Amino acid sequence: MRWTELVIFLLLFGVVTVLGFFAARWKAGSTLDHLDEWGLGGRKFGSWITWFLIGGDVYTAYTFVAVPALMFSAGAAGFFALPYTVILYPLIFMPLLRIWSVSRARGYVTPADFVRGRYGSSVLALLVAITGIMATMPYIALQLVGLEAVLRTLGLNGSGALGHLPLLIAFVVLALYTYQSGLRAPALIAFVKDILVYLVIIVAVVYLPIKLGGWSEIFGAADAKFKATPAPGDGLLLNGNNQLQYATLALGSALALFLYPHSLTGVLASRGRTVIKRNMSALPAYSLLLGLLALLGFVAIAAGTKPLVNHATGNPDTNTIIPNLFAEQFPSWFAGIAFAAIGIGALVPAAIMSIAAANLWTRNIYKEFLRKRATPREEARQAKLASLVVKFGAVAFVLFIDPQFSIDLQLIGGVMILQTLPAVAIALYTRWFHVWGLVAGWVAGMGWGMVMLYGIPSADGKRAHFGTSALKLGELNLFGWHPFGGSTLQIYVGFVALVANLVVAVAVSAVARRMRVFNGLDETRPEDYHVDEGHADLKPVAAH
Amino acid sequence: MAQPARTSGIRWSPWNLLLLVPLVLLVTPIFNRAGPALFGLPFFYWFQLAGVALGVLATVTVYLKTRDKPTNPATGPEPDVDSLDEGAAR
């Protein structure tokens, strides 16, 4: 047991818990019984809060743990997270403004709400909502994996059910204050989380290289390690086969990120278009941080850090690399702060994700199909309950199923959420796509994406299915035809599935438009996509 | 510049094209090399870290250059946080 670290961790965890409960009264509206308030914090967050909230939401504990772990084991290929988060903001700059405006004008809370309004189709909205929920659930479970990596490094590495108890307690606390305070809780906690994270990573990237003899030494050690391993895919640079995978994974991930309901929740909670525009320039600060953090994977190689064996599964867990590096290299009080940063870093996204999933359930399934005349008060109540169900579902994932399953599912989730791009992002610009074209495209992209993922074994050959998201082009199979037979180039599965999705959507749309099939009613007006805060036509926030 | 307050559909500014510049980070052959190193970082790593600045430059420029085109102009005085909240002021 690492007592100093544990005490500091518990202290900071306690501070955050108090903040979480206090948040219900922070900038409070007159009621929390409305999704605009509980689920979107009153739609009034300014630039700073939005920066901390989205940063705390998108750059999760799992990212902080898994990206360096990937660098540690694979080298350059793990660095895709940097180009991904660099191209992200310029790409989404314009679409985000449009979806903010139309959501503000029409009172939309979820991306599926927008699809419902744009196409008047509850089927298409249901598909988007279900995709969102299914992609978010394993993401929450992964936050738990990140949190547990820290707890186990702290010494709370028990075996069996008892070993999971600290995690369970942390999550019960989180569930309670999210239930009470809604989005305001993670928004307030994100301040603490991000300040701690910046502090820890800046100290780490300055202090550790000095201690270990400089970056040249560190890269030298990493190079030696990769040259010594038999695996062909690792190394300090990309090789001929994984460059296409690197680029398509970065692009696909960038296109997918703000289709995730929890990312959009942070955007819709902001006050106006200027807040979003400013954040498109300010959020890359986190990208820089992520890039530096990724390099800590190499620092861990140079420092000779070994992954901890998880006593619940009996396997060495690469995700403990970074916590272990901190524990070995930092004085114990600072390691405690570092652990708290990662631990709290798991709570913020987990809270926002559960709120986003709960919003989807409430608006696009409960209200749409189960109880059409639900009042805003009933909606808020339903969402609060759903947030509990979602969180404990995620806990059950981690407790009763191998954590590897969550990692697989998250891989699948990225491919899945990308398939909503035509219905959500393209629909912001045009209604050329026919509603049935979008449905058909979704089915094609989803189905083929799953088939491809199922067929990919892991790099070490231990698992036959859902090994990675990198598909060898030579194995691309179109009804028995191999268009790139023999090629060893790798490509991101989600990207291939999206192309299939678009091709099918275009073809079916063209036919449906030619046959003049009814394409749903569009309740949005062109000017809705440009409204800003203070506009006269805005729907009042949290109006019953 | 003088767009009507209520135009339909898409609003376009040539400055928006700058948002495509950071996509250069997807062209891996440009930077998939070890030298020249900077502070001990191989080219592959510091080039992409420098890409963060490129991305910021693109979004800042587009923000500043498209700012003078009002979207639907606000009516009445600028509301503060409280008046937007809960529709209490309405």
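Cβ coordinates come from backbone N, Cα and C, glycine included.
Caution: TrEMBL annotation is automatic and unverified by curators.
The following features are taken from TrEMBL:
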type: TRANSMEM; residues: A:6-24; note: transmembrane segment
type: TRANSMEM; residues: A:45-71; note: transmembrane segment
type: TRANSMEM; residues: A:77-100; note: transmembrane segment
type: TRANSMEM; residues: A:121-141; note: transmembrane segment
type: TRANSMEM; residues: A:161-179; note: transmembrane segment
type: TRANSMEM; residues: A:191-210; note: transmembrane segment
type: TRANSMEM; residues: A:244-262; note: transmembrane segment
type: TRANSMEM; residues: A:283-303; note: transmembrane segment
type: TRANSMEM; residues: A:333-362; note: transmembrane segment
type: TRANSMEM; residues: A:407-428; note: transmembrane segment
type: TRANSMEM; residues: A:435-456; note: transmembrane segment
type: TRANSMEM; residues: A:491-512; note: transmembrane segment
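By the count of Cβ pairs under 8 Å, the stretch nearest in packing to the transmembrane segment (A:191-210) among A:77-100, A:161-179, A:283-303 is A:283-303. Most Cβ pairs under 8 Å with the transmembrane segment (A:6-24) belong to A:333-362, among the candidate stretches A:77-100, A:121-141, A:161-179, A:333-362. The transmembrane segment (A:333-362) shares the most Cβ pairs under 8 Å with A:121-141, out of the stretches A:121-141, A:244-262, A:491-512. Simply put, out of A:45-71, A:121-141, A:161-179, A:283-303, A:407-428, A:407-428 has the most Cβ pairs sitting under 8 Å from the transmembrane segment (A:244-262). Recorded stretches compared: A:45-71, A:77-100, A:283-303, A:407-428, A:491-512; the one with the most Cβ pairs under 8 Å to the transmembrane segment (A:121-141) is A:407-428. Residues of the same chain lying 6 or more positions beyond the ends of the transmembrane segment (A:491-512) and with a Cβ under 8 Å from any Cβ of it are 244-245, 248-249, 251-253, 255-256, 414-415, 418-419, 421-422, 432-434, 436-438, 440-446, 448-449, 452-453, 456, 469-471, 473, 476, 519. Within the same chain, the transmembrane segment (A:407-428) stays apart from the transmembrane segment (A:161-179): fewer than three Cβ pairs sit under 8 Å, each pair at least 6 residues apart.
For the transmembrane segment (A:161-179), same-chain residues at least 6 beyond its ends with a Cβ under 8 Å from one of its own Cβ atoms are 13, 17, 20-21, 23, 144, 147-148, 151-152, 185-186, 311-312, 343, 347, 350-351, 354-355, 384, 387-388, 391-392, 395, 398-399.
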